[in-house]
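Enquirer: Copied straight from Swiss-Prot:
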- 20-29: compositional bias 'Polar residues' (COMPBIAS)
- 510-519: compositional bias 'Polar residues' (COMPBIAS)
- S77: phosphoserine (MOD_RES)
- S85: phosphoserine (MOD_RES)
- 1-31: region 'Disordered' (REGION)
- 495-519: region 'Disordered' (REGION)
- 1-140: topological domain 'Cytoplasmic' (TOPO_DOM)
- 162-185: topological domain 'Extracellular' (TOPO_DOM)
- 207-220: topological domain 'Cytoplasmic' (TOPO_DOM)
- 242-247: topological domain 'Extracellular' (TOPO_DOM)
- 269-281: topological domain 'Cytoplasmic' (TOPO_DOM)
- 326-340: topological domain 'Cytoplasmic' (TOPO_DOM)
- 384-389: topological domain 'Cytoplasmic' (TOPO_DOM)
- 411-424: topological domain 'Extracellular' (TOPO_DOM)
- 446-519: topological domain 'Cytoplasmic' (TOPO_DOM)
- 141-161: transmembrane segment (TRANSMEM)
- 186-206: transmembrane segment (TRANSMEM)
- 221-241: transmembrane segment (TRANSMEM)
- 248-268: transmembrane segment (TRANSMEM)
- 282-302: transmembrane segment (TRANSMEM)
- 305-325: transmembrane segment (TRANSMEM)
- 341-361: transmembrane segment (TRANSMEM)
- 363-383: transmembrane segment (TRANSMEM)
- 390-410: transmembrane segment (TRANSMEM)
- 425-445: transmembrane segment (TRANSMEM)
Amino acid sequence: MNNPRSVSPLVSPANHSDLLENQRQSGSGDFSRLEKRIGARKMKFHSKSMPRGAMFLDQEASRNFHDKRYDLFRTMSGKLERQISNLRGKPTESSLQDHKEITESLTADRYFDALQGPELETLKEKEKIVLPEDKTWPFLLRFPITSYGMCLGVSSQAIMWKTLATTEAEKFLHVTQVINHVLWWISLLLLLAVSITYLFKTILFFEAVRREFRHPIRVNFFFAPLISILFLALGIPHSIISHLPSTLWYFLMAPILFLEMKIYGQWMSGGQRRLSKVANPTNHLSIVGNFAGALLGASMGLKEGPIFFFAIGLAYYLVLFVTLYQRLPTNETLPKELHPVFFLFVAAPAVASMAWTKISASFDLGSRLAYFISLFLYFSLVCRINLFRGFKFSLAWWAYTFPMTAVASATIKYSDEVTGVATKILSVVMSGAATLTVIAVLGLTVMHAFVQRDLFPNDVVIAISAEQPKQKRWFKHLTKESYGNNERCPKILDPEDNQIDLESPPLVNVDSSTVQNSN
């Protein structure tokens, strides 16, 4: 005899109605009691769908974060997973293949094949990435090294306002040093925030940082944190410290020197990372570090060290300037969306002008030559209004701020040497334009970061595959049949009786009249 008490309260919705029907047909007296029990209780069925509320979204985000494809970029999880698999004796082929795709060193040619644009950060159509394309990646994977451009823009403003407050020619403006003080602390906090975030990325996702360093364009931004520290040292208010120790200069310039030896050596090596192939306006960041270091060293009273770095910067700036202006076939034309990087042309000569002024203790001929070059490049870019229209906001817009501020600071130095109404007006206009640009770009950055939340999209640069997309079998077969066998390839004679192998494209079209005459 069936006991209704033996029925489990956890009954699936597919069979609880059948249970009631069987009890009804059997005429059991306990049917009403069973029906009341089932109807009165708010029973929880195993197949019941859970509500899609905030808790569900948190669980979904957690599952996305724990995607195994993200683990391949983690610093320790990939090694630990492989060790566990080896201990179990079951290393899966897919995991080994995914690990190979991540850890295999990417060549410069692979970046050029998979990406496009002046900064090589746009994925080509037929390329695939090793991370999910339809999901938002963890924030650290989306935080690029190019974020240090914000630090360059704000810290350079601290230098400019310090120069305005301490220059005799600009005393009529009555600029207080409080502005320099506030901007310096903002720059320091911003640099700490960006550095701590990128440090966590280095610790947790070292493979992503390694891929950025091997990127032929992104590698130039590894100079940005060092240059930002140099700018903080140059813009530090006198109320905080009046004289910096010279040992700080050696401590800051040592990593810049080692990084330059690697980058400049690759430019001259003639390999995949030769300058004629990777030349880009962002390469000016590696040049600016020399002039900024020379400016700081000369401000500290040093002599030989600043001249050494100034000479290196001058030599490589001339080489880079000529290479970029040549527009070699290996360099693609810059599209409209990333035109802000053009303003990096202005940064190096502007900082070089101020550096040589400190080295020579006067705004002499060398300083004026560098300043006039930067001023001409500045106005030649500003006059091209089309550069400022038709592209969306991104971190690349910060390329406007630092060069414009550098030219404004050099103009203030020039107005102090060549006094006059025109130079004073020019310095005020340049300083105002630089300040308004920084305010506008900073406001847009805050809006896109916290309101629209699209400032940091998925960074496809770090997720490209180490292998090129495989071609279709029929295409390979056609290519092999057409050009694979040299002996079966027909040969014809050109008018000079030279044999032309049809294997090598382009194919030669034979004139019909020539064929008739030969017949």
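Start at 1 and count along the chain as shown; that gives each residue its number.
Each Cβ is built from the backbone N, Cα and C atoms, and glycine gets one as well.
For each listed feature, how buried is it and what is near it?
Expert: Residues 154-155, 232, 235-240, 409, 412-413, 415-416, 419, 423-424, 427-428, 431 of the same chain lie 6 or more positions beyond the ends of the topological domain 'Extracellular' (162-185) yet place their CB under 8 Å from a CB of it.
On the 0 to 100 pLDDT scale, the topological domain 'Cytoplasmic' (207-220) averages 93 in the predicted structure.
Remote same-chain partners of the topological domain 'Extracellular' (242-247), defined as residues 6 or more beyond its termini with a Cβ less than 8 Å from a stretch Cβ, comprise 233, 236, 297, 300-302.
Within its own chain, the topological domain 'Cytoplasmic' (269-281) is flanked in space by residues 107-109, 112, 118-119, 216-217, 220, 319-320, 323-324, 328, 330-331, 334, 341-342, 344-345, 399, which lie at least six positions past its ends and keep a Cβ under 8 Å from the stretch.
Mapped onto DSSP helix, strand and coil, the topological domain 'Extracellular' (411-424) counts 11 helix, 0 strand, 3 coil.
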Enquirer: Which residues of the chain, 6 or more past the ends of the transmembrane segment (390-410), have a CB below 8 A from one of its CBs?
Expert: 119, 144, 146-147, 149-150, 152-154, 156-157, 159-160, 163, 281, 336-347, 350-351, 353-354, 371, 374-375, 378, 427, 430-431, 433-434, 437-438, 441, 444-445, 448, 455
Enquirer: When DSSP states are grouped into helix, strand and coil, how many residues of the topological domain 'Extracellular' (162-185) land in each?
Expert: 20 helix, 0 strand, 4 coil
Enquirer: Please figure out which one of 221-241, 248-268, 282-302, 425-445 racks up the most CB pairs under 8 Å against the transmembrane segment (341-361).
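Expert: Ranked by Cβ pairs under 8 Å, first place goes to 282-302.
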Enquirer: Quick test of the contact rule: Cβ under 8 Å, at least six residues beyond the ends. What residues does that give for the transmembrane segment (363-383)?
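Expert: Same-chain residues near the transmembrane segment (363-383) but 6 or more away: 342-343, 345-350, 352-354, 356-357, 403-404, 406-407, 410-411, 413-414, 416-418.
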Enquirer: With DSSP as the yardstick, break the topological domain 'Cytoplasmic' (207-220) down into helix, strand and coil residue counts.
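Expert: Each residue of the topological domain 'Cytoplasmic' (207-220) counted once, the result is 11 helix, 0 strand, 3 coil.
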Enquirer: Residues of the same chain, at least six outside the transmembrane segment (221-241), with any C-beta under 8 angstroms of its C-beta?
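Expert: Same-chain contacts beyond the ends: 144-146, 148-149, 151-152, 155-156, 158-159, 162, 177, 180-181, 183-184, 187-188, 191, 194-195, 198, 213, 248, 252, 255-256, 259, 282, 285-286, 288-289, 292-293, 295-296, 299.
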Enquirer: Decide whether the stretches the transmembrane segment (248-268) and the transmembrane segment (305-325) have at least 3 CB pairs under 8 angstroms, with pairs required to be 6 or more apart in sequence.
Expert: yes
Enquirer: Go through the chain and flag residues at least 6 beyond the ends of the transmembrane segment (141-161) whose CB is under 8 A from any CB in it; none is fine as an answer.
Expert: 70, 73, 119, 131, 175, 179-180, 183-184, 186-187, 190-191, 194, 197-198, 201, 205, 208-209, 212, 218, 221-222, 224-225, 227-228, 231-232, 234-235, 395-396, 398-399, 401-402, 405-406, 408-409, 412, 431, 434-435, 438, 441-442, 445, 456-459, 461-462
